[in-house]
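K.L.:
Sharing a structure, written as structure tokens. Questions coming.
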Amino acid sequence: MANVVVIGAQWGDEGKGKITDLLSRSADVVVRYQGGVNAGHTIVVDDKVLKLHLIPSGILYKNTSCLIGSGTVIDPKILLKEIDMLIDNGIDISGLKISSTSHVTMPYHRILDEAMEADRGSNKIGTTGRGIGPTYADKSQRNGIRIRDLLNKERLSDVIEIPLREKNGLLEKIYGIKPLKLEDIVEEYLDYGERLSKHVVDCTRTIHAASKNKKNILFEGAQGTLLDLDHGTYPFVTSSNPISGGACIGAGVGPTLIDRVIGVAKAYTTRVGEGPFPTELQGSINDQLCDRGSEFGTTTGRRRRCGWFDGVIGKYAVSVNGLDCLAVTKLDVLDELDEIQVCIAYDLNGEEIDYFPTNSDDLKKCKPIFKKLKGWQCSTADCRKLSDLPENAMNYLRFLAELMEVPIAIVSLGANRDQTIVIEDPIHGPKRALLR
């Protein structure tokens, strides 16, 4: 038995959905522990493309329970669309469970999110406009609505009244937006609650019961390390904690329950939205990475910014998450390049540094110091074991492992499940360095 946390080791969009889907075959329970519909993951099964935002990837396995944990924020309208999409595709969703204490994204959260971002003008932070920040803000101010509140009409009317009055004041007086009606919201969200009620559970009790019964539990993070509210490139971050420590808070478990942490990183780097990005590329190589990697956001459809692999960020992710091993994704995107560069340090005001500056103003000033490696200029898409890889591809992976001082357990070479080299099963395999 092993309980494993899967986190993004960059700015999100690393391919966690595929890796979580892969590991879910060995898991009894998959728990999504933070974030909301601002995250998205794409899974390809039998040439069928499934895009999910809230429901854990493990839902595709009939005997796997999938829990949306207390640390998430849920837009019930979008969640129900996902449920309907899965049912339409013949997928059994009876294993889906939703924490009764998850907070709910309300209509005023979405409207305020968009209005506040527009009001920032040139100082925008790149929010998805899905209401995530305002939902978490209400949670922190103890003014939020939880899933359990949607199950009782009288309670829902009571808990919405005060926050709605406050939000209507903001909408009307500051942004000139028509106020929302209490009756309309209560009617709409009671309907959502009724449809979701059979999935609602006590999150902590459910997870601890699984642990007591020696079940394998997989904790699935959204976004990535550099988007963490406390440890990312603030203010260009999300409103929750995607790092491994967030799994304990968002799922309601102690750190001793976690056996292993696996980080997911692309073989290059991408970022969506605003904020510093030291290795960002311009021109033809950027376009090539974007086009070959289909670098468009699952949630927003925005074109992702692309750059070389950043080892400084990688080492920071290893440290802040306590990574045991790494899954490297989209290695195949680099197949056609004759030369590949990896950032090994930064130049900050004329000084070489090998650490990640947590001050975004300093990070903006950082210039990458690169190590050049030879490309392999042949397809890796059909490789299924390490010995199938071209020598220079192996050299590249070894260099990343040595630079980050962490073993590589999985290499992904395409969107499909079978386009993967599993060097070590992070759930059942022993802890050992296999590619380093």
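Numbering starts at 1 and runs along the chain as displayed.
Glycine is no exception: its Cβ is also placed from the backbone N, Cα and C atoms.
Positions annotated as active site, proton acceptor by Swiss-Prot: ASP13. Among the features that Swiss-Prot reports, active site, proton donor is placed at HIS41, with the record citing sequence analysis. The annotation GTP binding site is assigned in Swiss-Prot to 12-18, 40-42, ARG304, 330-332, 412-414. As annotated by Swiss-Prot, IMP binding site applies to ASP13, GLU14, GLY15, LYS16, ASN38, ALA39, GLY40, HIS41, THR128, ARG142, GLN223, THR238, ARG302, with the evidence given as sequence analysis. Annotated Mg(2+) binding site per Swiss-Prot: ASP13, GLY40, in sequence order. Feature annotation from Swiss-Prot assigns substrate binding site to THR298, THR299, THR300, GLY301, ARG302, ARG303, ARG304.
In the displayed structure, how are the listed features positioned relative to their neighbours?
P.N.:
In the three-state DSSP scheme, ASP13 (active site, proton acceptor) is classed as coil.
There are 29 other CB atoms within 10 A of the CB of ASP13 (active site, proton acceptor), with all protein chains counted.
Just so you know, the Cβ of HIS41 (active site, proton donor) picks up 25 other Cβ atoms within 10 Å once every protein chain is counted.
In the three-state DSSP assignment, the secondary structure recorded for ARG304 (substrate binding site) is coil.
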K.L.:
Provide, as an integer number of angstrom, the distance between the C-alpha atoms of THR42 (GTP binding site) and ASP13 (active site, proton acceptor).
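P.N.:
Counting only the Cα atoms, the answer is 10 Å.
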K.L.:
Counting other Cβ atoms within 10 Å, pick out the least crowded of the binding-site residues ASN38, THR128, GLN223.
P.N.:
THR128
K.L.:
Just to be sure I understand the packing, how many Cβ atoms besides its own are within 10 Å of the Cβ of LEU413 (GTP binding site)?
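P.N.:
Excluding its own Cβ, LEU413 (GTP binding site) sees 26 Cβ atoms within 10 Å.
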K.L.:
Quick one: of GLY40, GLY301, which of the binding-site residues has the smallest count of other CB atoms within 10 A?
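P.N.:
Minimum Cβ neighbour count within 10 Å, taken over the binding-site residues GLY40, GLY301, occurs at GLY301.
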